[in-house]
Structures are given as structure tokens and as C-alpha cells.
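For 562-612, the entry in TrEMBL reads domain 'Cationic amino acid transporter C-terminal'. TrEMBL lists 80-99, 255-273, 280-298, 318-337, 349-375, 395-423, 444-463, 475-495, 507-526, 532-553, 565-585, 591-609 (among others) with the feature transmembrane segment.
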Amino acid sequence: MGYGNDGGGEGIKRRGCSFSKGDFLPEESFQSWANYGKALKQTPARLMDRVLTRSLDSAELEVKARSNNEMKRTLTWWDLMWFGMGAVIGAGIFVLTGLEAKTVAGPAVVLSYVVSGVSALLSVFCYTEFAVEIPVAGAGIYVLTGLEAKTVAGPAVVLSYVVSGVSALLSVFCYTEFAVEIPVAGGSFAYLRVELGDFVAFIAAGNILLEYVVSGAAVARSWTSYFATLCNQKPENFRIHANGLANGYNELDPIAIGVLIAICIIAVVSTKATSRLNSVASVVHIIIIVFIIIAGLIKANTKNYVDFAPYGPRGVFQASAVLFFAYVGFDAVSTMAEETKNPARDIPIGLVGSMVITTTVYCLLAITLCLMQPYASINADAPFSVAFQAVGWDWAKYIVAAGALKGMTSVLLVGAVGQARYLTHIARTHMMPPWFALVDAKTGTPVNATVCMLAATAVIAFFTDLGILSNLLSISTLFIFMLVALALLVRRYYVAGVTTPADRIKLIICLLLILASSIATSVYWALSQKGWIGYCITAPIWVLGTIGLRVFVPMARQAKLWGVPLVPWLPSASIAINIFLLGSIDKDSFIRFAIWTVFLLAYYFLFGLHASYDTAKKYEGGDWRKVEEGNKDGGAVDNQSSEAVRPIHQLDLPNLAVLITWLDYAYEGKMKEDARIDKWSSRDACMIDEIRGY
């Protein structure tokens, strides 16, 4: 594995995961205690600099060089589609659906899935305009269905899936646009860094990493539960009870650790091999799901749907917030953009296709579960297996358990791939130690990041109960999806040097109206058990804010390759639904979320801020542009100036889409054809001329 300074220049070869102090803290601020003390004193000034700084699209593409070696481009839309299916359909639906149906929503939990699914799909569209992602079917269906049906929604758990599906669908839209135009491993971190700046991107990045660690831990613990069912044992028989630990953290799970170690080995070997293994396993999984639906409907009893929504609309939406966990994972596909042969074509197909299929499967399974037995009788740990036992088909529980194990294994596998690539790109910016950004020359995979992320997942999985994990995960996911939708609106309506100060003010006002009305609606729903007066105020404000964008703020940028339809309506709806679902999550989960955010801020002010500041100054003139317009003379600053473009020979031009994007900045951005042209290779020059002529 080659190691160098930020991936540039000559590297020093080392074996395995070896490292030195320079691999973790190479920046000037950490070379001595005196330097560090000076940096800390400059924290306010440095913070102001980074808060008001955004990255260029081209800069996000260029930082790949800091990994020393490139990831191998071997994936197609077919691989992404199966990655999406493998990543999401596998765990949540088979466990949490039952719990939410029993305690919150009833049979109407299916609507909760639809709402969350649509919201996620809208986010995917936003992502695709920037990168590449899909995995959604692997965790939620097996883990969450029984849990939510039993304790939150009742038979109305199917409505909860509808709500969750709508929310997920909206998010998918947003992700898709980003993924196409910024095809890098950073996913939503890169998108937010470009549009909302360094600081917001870091806070989101910390929650992205938390999302992956928590979801992986939840699925790993669920793997143990279904393995116990397959062995005719209770889950607690495979766990170690620790009397000295607090409830929720005292059931130790060594089997989850073993599963994660096996996943880690597979993930670091080869992305293409991982894809092939996932494709075969996913086909088997789909066959098992079809069996579960058909067999379950044969034993259906419509009397179980008489009390469809025993906990009312509130239960449906409360379950939707938790069931959104079932859609977690689709963003992992966007992190595979660097390994995709044709991101502009493959990402939209993979993202949208997998999300639609996933939402359909979730709703069918939720309906089947609540038709098989009364919601109050649903088993929260293994709802489908116990449901088949209740109707006299004991043998079917083994098929269900096998399907759940297969699905959860795929979720863990795809999640391991995605989370490592997120960390890799974050480390390229030095917000995390650059050692995590290194890519192995032989395998083309980020070994360091993969091992460290799965080690953190294993620690959480060993101690923490599923209920604690699922709610915390939903907060992080909904928060990130909301930010991505907001970033898409900023991308479309604000371009420095193009958007006038007056239009910028109107944009800010409209965005504040959308955010404020969405938050007010969520708070009113959480605090008011009955009544509709509040919604008569907040809903019109949201409509006015969205119409204001459409009518009074001119669109400053059009999508080049693939764009979200009905802008600003779909991104605005994604913001509203994601914030609304956040209001349905319990108080304790928000407390945990706040604690994690405080930890992130402490790390950022002590390390991340200074590392990224030093790195930005080192590459100043090539990587950054200010959010604020204007200069000393009061004129506009062109965010696509010559200073924002590096020599062509330093760029990685993997496909036509990226090349066209670069040309947009190089020529339409008024790049001065100075001595830099002398640095271009003849092959690069011919390629430029050919594309320009085309």
C-alpha cells in the first residue's frame, strides 16, 4: 500500500495497516505543542473562514488523488440495483414491523412504510443529480416489522410503511441528482460540502458515520436472533447477560462480533467479488420473500384487520419515523460512484429502481404479517417465524429464518462497503486523519477505513439493545436526508457571481419559511394530541415559501445530466416530511443525538477544524470558493474563476460526464489559457479538442 503526503508526489510503501504520527496528524498545526496552542487561539477566526467556505464540484473530484491509489471501476447499473436490494431488504421488515404494528399503528403500519419510502425516494433523486447510490432492502423488513406492528401501530403498520416509503422516495429523488454530477465516494458529505459549506458537511458526516455504525450494530444483533430461531433456541441463549451493566446494554452478543469479522474480510478483498456474491444471495432472498408472501396470504384471516388502526394516526406516523430505518442504506450506492463505469446512467437506474421495488416488498410483507395473526399476538423479536408457527406451519419458520439471515448478511456486506467509502472521502479533506483515506493498490479498496468502521460497529453490537439503536438511527438518517434536500435547493437557486444579492435574500427568506413551517408542524403534532388549527397556519406558510422560490427567485443552475423533476416542490416536500417524522421520535433518542452532536463539535473544534484549515490553505487557489459574494471593490466573485481550476494533468477523468463537468468550469468559467496549458499532456489536449468539437 502506497503512502504519501495527501496522495500527491512519491509515496513510501508499507505493509498492512502500518502507520506513523504523520499519517494521522500531518498538518502544520499539529507539528508541535506551540503550533497547536497557536491554532487553538485562532479557532474563532478559522471557524469563520471554514463556515463561509464551500468546495467546488471539481475540487471534490480532485481530492481522490489523496488516496494514493484509485478504486477500480467495475460496477454497472445491474450491480448497483442488486447492491440496493441487498442493502435494504433483509432485517428491519422482519422485526420492527411486528413491534410497531402491535404497539403503535396496527395493520395501518403499511401506510407508514409508504410515507417513509416516498420521502427516501425524493432524497435519492437529489442524490443522483450529484453521485450514485441505492441500497435500501436489507435491514428494515426483518428487524422492524414485528416490533412496530406489536407496540406502536397495530395492523396499521402497513400505513406506517406507506408513510416511510413516501419519505424515502422523496429523499431518493434528491440523492440522484447529486450522485450524477459529483460521482465520488463521499456521497452526501461531498454534496453538502459543495453547497452548504465545510462546517455543515462535517456535522452531517459525523451523523452519516453514526448511521452506518448504528445500523450495522442493529442488524448484527438481529442476525443472532434469527440464527437462534433457526437453531430452535431463544436469542438470550446465545447472548451473555452481564449483571453489572445497565438495562439495554447488558446482553452481550459474541455471535454478532463473529459475523462482522467475516463481513470485514469479504469487504476488503474486492468490490466486484462482493457485488457478485451479493447478487447471487439477493436472488435467493427474493425467492424466499415471494414464498413468505404467498404462504402467508394462504393463511390470512381478514378478521385480523377489523381493528385496522388501534392507535390512530399518531401511531401510524410514530411507527413511520422508526420504520424509516428499514430504508437506511440506499445512500451507500452513491459512495460507489468512483467504482461505477457510467455514473450518469447507472446511478439513477439503480437508485430509483431499487427504492420502488423495496417499498412494494415492504408493504406486501407488512400486510401479510398482520393478516396472519392479531397484532397483539405478534412476536416482536421474530414476528414472521412465530406467525407461521401460530398457523401450524412450524417448518416455514426455518425458511423465514434463512431468508432473514441472508438478507441481514447482505445488509452488513453492502453497509461495510458504503461506510468505508464515506470515511475515505471525509479523510481526504483531513476532517478525519488522512490514514483512513488510503486505498490499497492491489485490491482497490479502502482497507484502513473498512477495518476501523467495522471495529466500531462490533463494539456497539456487542453491548446495545435493538430498540435503542433503531430510534437513534432514524434521527441521523432523517436529519441527513433533510440537509441533502436543502442543499439541492441551494444548488439550483444560488451560484456565486450569478445570483444577485436581492435574489439571494429572497432565497434565504423562502428557505426559512419552508424550514420554520416544517418545524412548527412537527412540534405541533408532537405536543397537540388533537386539533387542526395549527396546521391551517403552518401548511399555508410552507406553500408560500415553496411558491416564492418558484415565482420570485430565478433558477441559477440547471442540471447537466439528470435533474430532479418539479423543483422546488419535490425537495421542499422532502424537507417537510423528514422534519415531520423527526417530531415523532421519542425524547430519549433526541438526548442521545444531542450528546453525539456535542462530541462531534468537540472533535471539530479541537482537531477537525485545524486540520481542514491547514489543508485548505495548502491547496488554496485550487480547491475552494467563498459562499459570500463580493470582494474588496464590492464586485461579485466568480465562483468558477481560473483559480478554481487545476491543470488537466492532475485530474482524474473517468468518464465523459466528469470531463464535461470539468470543461464547464475550465471554459465557461473563463479560465485563462496561461502557462498551465503547457503542463497538459498531448493526449489530454487531444481529448479536450475532441470533446470541444463534439
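Cβ coordinates are placed from backbone N, Cα and C, and glycine is handled just like the others.
Those TrEMBL annotations? Automatic predictions, nothing curated.
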Contact between the transmembrane segment (565-585) and the transmembrane segment (444-463) (at least 3 Cβ pairs under 8 Å, separation 6+): no
Stretch-averaged pLDDT - the domain 'Cationic amino acid transporter C-terminal' (562-612): 86
Most Cβ pairs under 8 Å with the transmembrane segment (395-423), selected from 255-273, 280-298, 444-463, 532-553, 591-609: 280-298
Non-local residues, at least 6 beyond the ends, that sit with Cβ under 8 Å of the transmembrane segment (507-526): 314, 317, 486, 489-490, 493-494, 499, 534-535, 537-539, 541-542, 544-546, 548-549, 552-553, 572, 575-576, 579-580, 582-584
Among the ranges 255-273, 280-298, 444-463, 475-495, the one whose Cβ pairs under 8 Å to the transmembrane segment (532-553) are most numerous: 475-495
For the transmembrane segment (255-273), distant same-chain residues with Cβ under 8 A (at least six beyond the ends): 71-72, 74-75, 79, 216-217, 220-221, 223-224, 227, 238, 336, 339, 409, 412-413, 416-417, 420, 440, 443-445, 447, 450-451, 454, 457-458, 461-462
Residue distribution over DSSP helix, strand and coil in the domain 'Cationic amino acid transporter C-terminal' (562-612): 40 helix, 0 strand, 11 coil
